[in-house]
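Visitor: Take a look at the following structure, please.
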């Protein structure tokens, strides 16, 4: 026993406190909640008390009294005390001390009154009982116990069995088989049965067996037999054994268990009369056999699937057939019934779901439901459960429905009255049913309709809390669709009705949920069920059969087969179809046409399959060369566009996929969006448009649809509306635009790090084109409210969303147009007036109201210094207008109208066309014709309003606070260049806008300088373009050249459009433009020189790009040259130069880069075709002009009294400025004077004047070859060194001799001296510059000069005009007269700037010093010349040995000989880039990198060194002596004049 809990002295203090402590401890243990601990504690206390009495430490009477007191604490206290006495009995009986035994006997005797005798007889030893007097003799008591046990456990009673005597059993059967329809109850029958057992001594177990047999025959009387069995039976295990014996009897191979026996067992289980665990052990087969059978079924299904996908050799086919026959024979031997499945079916039939679920849990998943009878029984139970709810919410209007009688037995699943009740049992039942609901399509439809009703209720909830409460139910319905509905549809035999019914539910789910379900269906569901594995293999096999035979001719029958197959297993079918399309893109058209028999669910699944194929991570999106997009992606994109246009399929998932790809920085899939928008909206984006298409794109929407695209995509109204609705519903319009705009740079800087440059360019073009296309779709399809609501302001787009400015304005431009038109309509409605003038004013007012916030918003886009030159109004106007606003394409409208008239005429002449169709077509063409004419009229009115608005705004566009060069630079940088490469229409727009600004006579806008900057150096712009941008840039240059060529073609056109315009001024005044003074205008001949210079610049840039060897440079320049071919080259020698280079490219790239070879060959062929339109240089512009009288020359309007100088050719190329654009980028343009031909230069690409050119030439003098310098000097001294030149000089001599005398008579002496000094000071620079001119370097005239031609004025007149100018224009730009007098000597220039003293005093004090410096400089130059001459001699010998590029040299010489026949003045080999090819190739190998920049600039001999008036050698020698004495004085005087002006 346990250790005592009583104190050690409790016996001694029994009277005082011991007794109370003992009783209190007993009470405490009694009150404990735990029964075992309470009994154990009381036993311990009683044992201690009794042991003290037995050992004699405590009196027996006191012990007996205490025990009698504690007997009332518990009901079983006597039994507990008897247990204690039993233990003490055993302990004392084995002791030798007899006193303790006697004390124990006395203690028990004292307690006989409180413990019953029967309990003591059970617990104590017979000897102890005999000592107590409870029994007489212990020996007799033991014998009696043995007899009773033997009788109870070992003696068998004999009963009357059925075969021994059958009368009792016959009466028993009669009693059980009587009619039970009356008042007969089971209790009454049971009494009779008991009487029969007693009367005939019947075996009770055999009687129970007879009762079960009768119940089996009358199983419909459950209400009678179940209470009878329950009342008769005493042991449930006995009943289980009897039932088990019955089931074992039917486990023979050819036996079949009767359904009634299953019913009896199920009913007994349902009433809990027997336990399932007891009966389950008697049923066959065992669970392990069931699992093995299931695995075998799966293996067989997979084997069948493999066979269907394998290519079988004919010899193997016969072997497989034999094996299949053997398996069929094995199956024909009927195996014993699966009694567990039979019991399960019976349980389901009576509605005992609890026990049925337990049985199914013992089997593999869906094994039980794979048997049709069980599946139908389970479906029937579900029918009964959902019937009330379905009749209330699910049944369609007008349908009656089928009435189900509910099960009356207790414990069946309760009927569902609301959706929440479905969670109790229905969803669990469906989980066990799985794909085998296919056996009951009615239940399939019912559950689908219940799901639709729930989704409508769920979506109708206004509060989020209510929706959150319904979330568990939504999850249950989704699980039902995943595990039951979709797999069941796969097992149905092409049930299109069920597919449409299921789509009614699925379309209420978000596409994210649907695609998740489709993904599970496609990738997981088919792998877990043997039946589905077979179905999948059969579907793949059938798909192959259909796709092999699908052609354009049999689309209809093949489409029906595809539709039939897609009703049940669309995921498998479409997966195979898409794999075929990715390999064979010619299947796209027949596949799209064959999809017209699909259900709505199949269309949605098709979209998912496309997205899954696009997102396949195992597919490479680039070809193996890493330069082009894979063909499978292009095929899928084409398929998307065709399918989504033709069929009403939801687009949200596909668009969201593209959006997510853009978010992830991947732009490959933009190809899909491009195709979808092109096919669905009819908006085609291509840079290969013809000029007619491009012209049509500048008109209205109707003209765009008719003439703007390659293929006229009709009937796009519905499809574009669907696309618009999806974008608005899912809020994808603006995110897609912003992501595409940002992704353009992402392609280059984030995505294109490791990609090939060619691929990066294609991705950039794809991203950009898709943005333009998508923006055009939004602009043409969204309403004004929708567009304005979604597109934020321009500053938010640029600053917050970091959208590039060109894209931001492209998105905002339609919004401005909508707002202006809306405001204009409001103003017209407010004041209705019929006159045109008020309407124009209202339009201008509407523009001001709409654009005023835009003017404020654009201020934040650029630094404040930008707005010093161009106003925000000009900036916003440029970016907000389109070609639709600038001009009406009358030609395009006329073409389309004529096409429609021709169609009408053709229809009238067609006699075979039915009259009804002919009438409809004629009505359509007539209506379209009227629409086009009305659209043209509206655009005409709109353009007039826009021009009026621009005319009012133009005076405030350009401030020109800095130089005019800065103004043009900012205009090019911020406006022209970004937009001209945005789209083909924008390229045309930029060229036309420049022309419009010129035509508007916009103040402070130098048209000439703008064109010069555009044409002068295009190398960097071309090199930085992508392929499509090159096309747009070429189109822009073509339009610019078109305008220039038109002006160049006719003097009358030039005088009309340029002669009196401020854009062709060679000087600006703050007081405005005074059109009456022609001296400040560039005359026609000088303009022709300038155009020739631009052509030369284009040629030089093109040659440079072609010779770099870089793929991008060559490709882009060939694209640009192809685009500008109608207007360039016009000069024969420039065309020959390009032809040589392009021919070289064709030879070099034929094997290396075929795409470049194709481009070069294409351009070469077109160039040869244009050769007949080229003209010699002397026809393009006059290379030599007679010097007119001073009276006919224009008067100079500058501030200085500059001397009259011979005029140089305006096309003279200052290569120093072209080579070093960065050094001279920010310097102002110096307009060129007519008379000062040696110093004056046409504005170069960076706007530098003559002073910068002279300085650069002076710095490069030390690098030139001294031998060539001597040749140049000799040829300058002898201008007629060639026969052609001599013949020409004889023709021109009479005029030339007369001209100098006339000039001298009318020129003041001081000016003549200064002119000579200036000419001498720059003679070295002239030698080099003249050699670099593209043509006519040596023929100069005084009449046509460069951009500005000052005449002879008196000093007083000029000083007076300069004084007025300084008063009116404190910020006037420096003119050529101030820049052209700069001296090339840097020391003299520094001295002139530092000291502002009188010209004459400086000349007297400094002349001696200057002469000394000049002598020293001359000696240094001579020494350097000798060194260079030796070096040049060595190089010449090496070149002779190498003999490189002989063929090209001969070809260029032949070109020059041909041209010399028409132009006898052409002598210099460097006069055109074509003549420098061999030299340049040699220079590449010989010279260093710094010297290679000047390889095409080697000075060549020139024919005339006088700069415009031909002097004899004698006159020149006399003048040179005089110039040496007066050079320093003349130069100082020039510096003095310049300082006076700045002062």
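Cβ coordinates are placed from backbone N, Cα and C, and glycine is handled just like the others.
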Visitor: Which residue range, 841-889, 890-938, 939-987, is the one TrEMBL calls coiled coil?
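Guide: Spelled out, TrEMBL records coiled coil over residues 890-938, not the other listed ranges.
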Visitor: Looking at 267-290, 291-314, 315-338, which one is region 'Disordered' according to TrEMBL?
Guide: 315-338
Visitor: Can you tell me the mean pLDDT for the coiled coil (890-938)?
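Guide: Result for the coiled coil (890-938): average pLDDT 87.
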Visitor: With DSSP, how much of the domain 'THO complex subunitTHOC2 N-terminal' (562-637) is helix, how much strand and how much coil, in residues?
Guide: 54 helix, 2 strand, 20 coil
Visitor: For the domain 'THO complex subunit 2 N-terminal' (419-560), jot down how many residues DSSP puts in helix, in strand and in coil.
Guide: 120 helix, 0 strand, 22 coil
